Amino acid sequence: MTPRYVLAIDQGTTSSRAILFDRAGDIVGSAQREFAQIFPQPGWVEHDPREILTSVYATLTELLSREQIDPRHIAALGITNQRETTVVWDRATGQPIHNAIVWQSRQSHAICERLKCDGHEARVRERTGLLIDAYFSATKVRWILDHVEGAQQRAERGELLFGTIDSWLVWNLSGGQAHVTDYSNAARTLLFNIHTLDWDDDLLALLDIPRAMLPQVRDSSTVYAHTRPQFFFDHPIPIAGIAGDQQAALFGQACFLPGMVKNTYGTGCFMLMHTGTQAVRSRNGLLTTIAWGLDGRVEYALEGSIFIAGSVVQWLRDGLRMIERASDSQALAAQVPDSGGAYLVPAFVGLGAPYWRSDVRGAMFGLTRGTRKAHFVRAALEAMAYQTRDVLDAMQSDAGIALTELRADGGAIGNDFLAGFQADILGVPLLRPRLTETTALGAAYLAGLAVGFWSSREQIAAQWGLDRRFEPQMEVARREKLYAGWQQAVAATLAFHVD
């Protein structure tokens, strides 16, 4: 039976989705399930790995049932995932020994500070392309081994496995056939040497993490395993593509040439520049990371990671109850000509690139008696654009490339106000693709390439379609005045920090 579709699992920070794509790269159907966010202490964020699995299984079942898809028509399954989020589970039982520690969580901050104080940052940066920060997986693993009784000894005996969410999903979907990850996810652990393309024994020794816990690292487009018999009506489907969410979006945006840049506006905000086969070291607080491994060759990227972006709208809705629906933010922001001088710095769990300060917290500046709800909401949306400008300026400096356009995706960029303001504050056109679900599309493309469903990257690039081009309309003087106000607000936020 001729395959017609590729299935993608997009396992995100707040929900899991299953999306089915046809050969043209169009969405045939999708399903989504949210799951609980666990906040044991301020600054800590956890997920129940079993609930993540349940949410994934539910979306797969719902999608195939509702669309009445014959599983024999599915060529392959691709996985994209929230990166850095860490799961440790029992090799024999498959049960996690602790909640997953989410990428946003700061609970391993003290471990990071010790590593910095002991002078390890330069070595870690040189080998991994990353900074020592609680954002990445390594210190999360160390925290779990320290806080679960007997975990260190069990890990040393080979009884425990570590993985990012992709590894956890493949292990379970395949019935334990494969303990694997891909280069893009491995590069986010703070344990992987991006130059030798292997787990770094010195870094493992530094954190006392047994190598036996770690997954095998493979290309981002290859057959890792097949789904276990009880899935998909006893028809095994090849699991053939894996990429961390931001690298998957870069692939889905067809940013295949050095210098091409995309920004994903999701829970966080993430800008990636493709740098080809060269690992460009940042001098401005950006990360050097692996974009993907394809056809036996690794390609690199520069990344600026912003911790809080679209989730600020969720905070307006659920925390402050200023809006009933996330979509209400666009209409409210449009009610006022500007933010009334208000700036929101959403450092709820610290500031990411290019500042990397985990000890600061969110702040609001410029409030007056005339500040209304619309000003507050507008300031929250504008904060996403200002943070992106911070990263873009650093990226241009590192790469020596003046950008001519930005390809944007993710749920928040469907907000026309945000898209237009982003183009204004950057001073370059923002291109929103016809299909904004580029993260899942990238995972589908990687899986489809592995099994011959798509023939080449050239075919994929030809399928990229434009929905709308947002040209900058703001005068340069006004743009720079607004941005200077943002920089002043950030400086004040950095001056007020917590222990």
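Heads up, the Cβ atoms here are built off N, Cα and C, so glycines get one too.
Marked as ATP binding site by Swiss-Prot on the basis of sequence analysis: THR13, THR14, SER15, THR267, GLY310, GLN314, GLY411. The annotation ADP binding site is assigned in Swiss-Prot to THR13, ARG17, THR267, GLY310, GLY411, ASN415. Residues or ranges marked as sn-glycerol 3-phosphate binding site by Swiss-Prot: THR13, ARG83, GLU84, TYR135, ASP245. Annotation source Swiss-Prot lists glycerol binding site at ARG83, GLU84, TYR135, ASP245, GLN246, citing sequence analysis.
Across the residues annotated as binding ATP (THR13, THR14, SER15, THR267, GLY310, GLN314, GLY411), the two Cα atoms farthest apart lie 13 Å from each other.
Take the binding-site residues ARG17, ARG83: by the count of other Cβ atoms within 10 Å of each Cβ, the lowest one is ARG17. Put plainly, the binding-site residues GLY310, GLY411 were compared by Cβ crowding within 10 Å, and the winner is GLY310.
Following the DSSP three-state reduction, the secondary structure of ARG17 (ADP binding site) is strand. Reduced to three states, the DSSP call for GLY310 (ATP binding site) is coil. Overall, the recorded glycerol-binding residues ARG83, GLU84, TYR135, ASP245, GLN246 cover a maximum inter-Cα distance of 15 Å. Considering only the binding-site residues SER15, ARG17, GLN246, ASN415, the residue whose Cα is spatially closest to the Cα of ARG83 (sn-glycerol 3-phosphate binding site) is GLN246. Put simply, of the binding-site residues ASP245, GLN246, ASN415, the one whose Cα is nearest the Cα of THR14 (ATP binding site) is ASP245. Each of the binding-site residues GLN246, THR267, ASN415 was scored by the number of other CB atoms within 10 A of its CB, and the lowest score belongs to ASN415. The separation of GLN246 (glycerol binding site) from THR267 (ATP binding site), Cα to Cα, is 12 Å. Taking the centre of the Cβ atoms of ARG83, GLU84, TYR135, ASP245, GLN246 as the glycerol site, the nearby residues of that chain (Cβ within 8 Å, site residues left out) are GLN82, THR85, TRP103, ARG188, GLY244, GLY268, PHE270, SER305. Of ARG17, GLY310, GLN314, ASN415, all annotated as binding-site residues, the residue with the shortest Cα distance to ASP245 (sn-glycerol 3-phosphate binding site) is ARG17. Its Cβ taken as reference, THR14 (ATP binding site) is surrounded by 16 other Cβ atoms within 10 Å in the chains shown.
Ranking the binding-site residues ARG17, GLU84, TYR135 by Cα distance from GLY411 (ATP binding site) puts ARG17 first. Each residue contributes its Cα atom, and for GLY310 (ATP binding site) and TYR135 (sn-glycerol 3-phosphate binding site) those atoms are 18 Å apart. Note on proximity: of the binding-site residues ARG17, GLU84, TYR135, GLN246, ASN415, the one nearest GLN314 (ATP binding site) is ASN415, by Cα distance.
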